[in-house]
């Protein structure tokens with residue numbers, strides 16, 4: 001009676017599986033094994049198989065549900081409503097009903113439902129679920145706020161700049177959802193392996209039940225019992241559940257740290273990285289030019305050099321020109337400048353206070369037969385001449401990001417043996433930056449297509465590990481696509497970055513790259529722990545069962561017990577903070 005009560009649902013599920021074409025599912029295997037034990041008179045064990053299988057199943061489902069909830073909680077950033085301004089009142093509506101230009105109110109404690117600009121109010125917002133940054137950010141009027149952030153202190157009135165399906169939170173959720181479809185090689189192998197493993201073990205059980213009694217002239221019953229053990233152990237649940245769960249957990253842990261990984265295949269690839277190639281501008285540096293030094297020639301003052309350069313460069317849209325204008329804190333008088341002639345790729349010729357001046361590069365000075373003093377400092381040199389005489393040099397530099405040097409050092413400590421920089425910048429500038437932050441090899445003055453060619457050469461030299469390229473995701477699409485893993489920096493709000501790369505860092509921090517590699521290594525370590533543990537335990541029980549040492553209790557542990565332990569182990573990936 002106990003057997004019927006416990007086994008009824010399992011047997012019914014087995015019959016449904018057979019009718020649905022799933023002959024060798026776990027319900028069928030357990031039903032056959034318990035019936036075999038029942039037929040040979042091992043009634044307690046026949047009941048025990050079903051009882052512990054059912055209990056184990058409950059624990060297994062609890063573990064899976066808990067782990068999925070934990071991962072989902074990491075991604076629980078979708079806002080449920082927005083306070084839309086309507087006729088001087090605010091009404092709660094679904095975020096996907098909001099249009100660009102609408103005004104919404106976000107109260108303290110609420111999620112920001114859509115991307116927008118603050119038009120009224122001050123507050124601090126928690127962007128940790130988006131960027132992985134734990135420090136709240138101060139926002140004021142005219143500051144941009146991103147959907148998924150949590151408003152902490154004051155009410156904010158926001159003008160919406162993007163529709164909900166184009167917002168930051170939608171991009172993240174869409175990316176993570178699609179990531180589950182990109183399977184790692186290990187995951188694909190386990191799925192394929194499971195298709196052969198179960199039939200092979202079931203076949204082994206049949207041979208074990210029939211061949212030894214016939215060959216050795218022994219009773220059938222003991223060998224049927226051993227075959228039943230084979231059937232119980234043959235279920236591959238521990239592998240087919242815990243392995244995908246491990247990679248899914250790795251994607252979840254990375255997203256919590258502001259790292260969006262597009263699939264388990266890229267988590268797997270990152271563990272084998274031994275070469276990282278960086279673009280310079282916007283990746284290692286801020287991409288913002290700044291005056292580093294002003295060098296005045298004898299008889300002239302630095303203020304005079306900057307004043308002339310700023311007045312002339314005011315008429316240029318070039319980023320370097322703008323940096324000189326920004327450095328000059330005093331007001332500009334456009335009336336002092338006349339006869340402006342911008343010479344492409346060289347600089348500007350003009351009259352300042354009715355005196356002929358030139359502001360530009362070495363080529364401009366050479367074309368006008370102006371002798372210039374040599375400058376040994378790294379940076380882009382802007383030369384200024386007055387009445388055909390060199391009066392000074394302004395050195396422009398692109399600032400390094402605050403964590404660039406520490407990030408490179410962290411990568412080296414992790415064993416990354418080859419760190420390379422590709423840039424279109426001048427050799428002296430590139431070499432100076434490379435030496436300052438510890439880059440192993442610098443390639444400078446490259447055109448976009450030459451960067452791809454350099455990457456191809458690196459592939460040809462690198463036969464073992466994986467090659468990663470890190471860029472801004474906008475101007476580096478061909479190189480990002482060619483690398484084993486393309487990483488785009490500062491993907492927050494950038495459609496181009498999310499489209500081009502395999503991994504998107506939601507902020508501009510280099511330190512997130514070692515973090516991504518660390519999560520990858522930890523995820524893969526746990527995945528292989530589960531593979532070795534599951535196959536090892538099952539293999540031992542199969543051998544012990546075949547020689548008559550293992551009993552049905554150990555076989556049940558080899559199935560549901562191992563599966564539960566493997567699932568709980570896979571959940572450890574989520575602890576990677």
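Every residue, even glycine, has its Cβ placed from backbone N, Cα and C.
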> If you check TrEMBL, which stretch out of 176-195, 196-215, 256-275, 276-295 is marked transmembrane segment?
Replying inline: 196-215
>> Looking at 117-138, 139-160, 227-248, 315-336, I want to know which stretch TrEMBL calls transmembrane segment.
In response: 227-248
>> Between 499-517, 556-574, I'd like to know which one TrEMBL lists as transmembrane segment.
In response: 556-574
>> Suppose you had to name the range TrEMBL annotates as transmembrane segment; which of 471-490, 531-550 would you pick?
In response: 531-550
> Could you count the residues of the domain 'P-type ATPase A' (78-177) that DSSP puts in helix, in strand and in coil?
Replying inline: 20 helix, 36 strand, 44 coil
> Near the transmembrane segment (531-550), which residues from the same chain, at least 6 beyond its ends, have a CB less than 8 A from one of its CBs?
Replying inline: 186, 190, 201, 204, 208, 222, 226, 229-230, 233, 238-239, 242-243, 557-558, 562-563, 565-566, 569
> What is the pLDDT of the domain 'P-type ATPase A' (78-177) when averaged and given as a whole number?
Replying inline: 88
